[in-house]
Amino acid sequence: HEIYPLNKCLSGQESVELNCKMKFAVYLPPKAETGKCPALYWLSGLTCTEQNFISKSGYHQSASEHGLVVIAPDTSPRGCNIKGEDESWDFGTGAGFYVDATEDPWKTNYRMYSYVTEELPQLINANFPVDPQRMSIFGHSMGGHGALICALKNPGKYKSVSAFAPICNPVLCPWGKKAFSGYLGTDQSKWKAYDATHLVKSYPGSQLDILIDQGKDDQFLLDGQLLPDNFIAACTEKKIPVVFRLQEGYDHSYYFIATFITDHIRHHAKYLNA
């Protein structure tokens, strides 16, 4: 059905939070022609744009079947002319980490957390046939981290959450330490506000059903970037239901995502269409 890669009516929307033009992709299922549908937000990983998921994950059949509007934003502001924004693949452009930066020179533009949780949904609700009361969120890697923190920081806002190979405990991994020290400064107590493993410990227990798939042969898992065991332990302690599936023979790629995407969309549809 219809995919708006840049979206007909909103292409290059000027973002208030990010002070730059932002692209996002929107998929409308056939059901959207006759009524409002739930919204499912996808957050991508490092180096991605709004296009990766739309072109590689094979989500449409399942989204169409369940009648879900799928929204995929970009992973950072673009072209802000900040010194150093394009120097590395895991910080700056393509690596917003879904936080609201507090440090210069990033704090003016790098506000992906507020963009994803507030500004973008308002824009989507105002311009597309979505039901504002029914939204869920999922993502991959850095975006899996993003999905988990958005759900955990906003009890009741999202009906469900899931993730593929998420960065579960960024305060303890190299990617997270680099990004958080740059965006949030050296006071590590401030980092915990954007760490799923820490957020789960203070989650007030409104119903949240978490699904996580992780490839067993994922190099980033083996390198200690993802740390799912820490998150699972925190969930178990708080009695928060999480289904964690370690998938034999899969790595960190979109092939892994495409293999299990149907399960994830079904997981969200169960709550969004309830």
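Using the three backbone atoms N, Cα and C, a Cβ is placed for every residue, glycine included.
In TrEMBL this protein carries:
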type: ACT_SITE; residues: Ser141; note: active site, charge relay system
type: ACT_SITE; residues: Asp218; note: active site, charge relay system
type: ACT_SITE; residues: His252; note: active site, charge relay system
Cβ neighbours within the same chain of Ser141 (active site, charge relay system) - under 8 Å, at least six residues apart: Gly45, Leu46, Phe164, Ala165, Pro166, Ile167, Phe220, Leu226, His252
Long-range Cβ environment of Asp218 (active site, charge relay system), under 8 Å and at least 6 residues apart: Ala165, Leu226, Tyr250, Asp251, His252, Phe256
